[in-house]
Amino acid sequence: MKILLLGSGELGKEFAIAAQRIGQTIIAVDNYPNAPAMQVAHQFEVINMLDGSELDRIVAKHQPDFIVPEIEAIRTERFYEYEKQGITVVPSAKAANFTMNRKAIRDLAAKELGLKTANYRYATSAEELQKGVQAVGMPCVVKPLMSSSGKGQSTIKTVEDIEKAWNYAVEGSRGDVVEVIVEAFVKFNSEITLLTVAQNNNPTLFCAPIGHRQERGDYQESWQPARISDKDLHEAQDMARKVTEALGGAGLFGVEFFLTNDGVYFSELSPRPHDTGMVTLAGTQNFNEFELHLRAILSLPIFDITLEKAGARAVILASENSNNPTYSGIENIACLPKSDFRIFGKPTSRPYRRMGVVLTNDTLETPIEEIVTRAKKMATLVKVNL
């Protein structure tokens, strides 16, 4: 099968590797050359994916069997036409359109499906944001409707923060939508990602919950399994099943939840492998998240997903701008037991850009806090150089 991969970052790279292993053809697409997934693809294209005519051109050129989006900044409205042409959009044109924009997915979850979410409003200007803040109360969280990896996300604690939050959200927005969501701050005990695998002809499956920590709106560490009560887990699985069934199609979804004293709150959803799910590369499961996504897309039956080890991953961050980043200290990771790493191969670096991850695992009986601490220490051993 021929797969057109729209977005060629580190998640796309791991997906492309998984696809290569079972004989699939990958055409990797992004808006800059030598993106990570392009380095392991059969062919690549460099285009502005928000340009519908450019998308049409490469779809007509390559005639893919599948279109797999990896990022948000895509002219997803074109996907409906590609489905009419007989191309499978992953997980579906509807899912891709709804989840590329926080407004559509939040309204689906809260208004149509009745899932428990934080109180929220939308704003298209700093003045509207001020009204939204008054409606939901402070503290509150502001996010662009279209963004990734926490870009443009901030917390408003005082009235003086509103204009700054608006400007930061606009700067961090992807695509051409200048609108934000402002939501009441949920007093949560922890956050989890529930990797949810929707299959074409088989039941929906769930991975063991993944815990994660954010800083500057970006994921720093994730671990599996996360601690959660049976009651909260069943509630999260029920919500994840409802929202993925409403979106339709097959593939892996990363569904995020807040765990609170008041139960489980739906937060966000990504219709593709999730940043936090890279912990599955530590060998925590019988299939990692990229293999699960691929198998679901290709309608290869997945009998079950088993948790085999406890694991954690932590990011390797750049500290400076470079057009030719190099790495030191990798040998310090290589000599450690139960440990591994990935260098993404990004051609340039900038402060706080994720350049790789470290991975570690242990037995299911090992306290997860010990494994997370180990991963955090490992990440400090690798330096990104100019």
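Quick reminder: no glycine exception, Cβ is built from N, Cα and C everywhere.
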Residue from Asp161, Asp262, Asp275 that Swiss-Prot also lists as binding N(1)-(5-phospho-beta-D-ribosyl)glycinamide with Glu10, Leu11, Glu70, Lys346, Arg353, Arg354:
Asp275
Within a 10 Å radius of its Cβ, which of these binding-site residues (Gly150, Gly152) has the fewest neighbouring Cβ atoms?
Gly150
Could you find out if DSSP has Glu268 (Mg(2+) binding site) as helix, strand or coil?
strand
Can you tell me whether DSSP puts Arg102 (ATP binding site) in helix, strand or coil?
helix
For Arg102, Arg353, listed as binding-site residues, tell me which one has the smallest number of other Cβ atoms within 10 Å.
Arg353
I'd like to know which of these binding-site residues, Glu70, Glu256, Asp275, is least surrounded, judged by other CB atoms within 10 A.
Glu256
With a 10 Å radius around each C-beta, find which of these binding-site residues (Glu10, Glu183, Glu268) has the fewest other C-beta atoms nearby.
Glu268
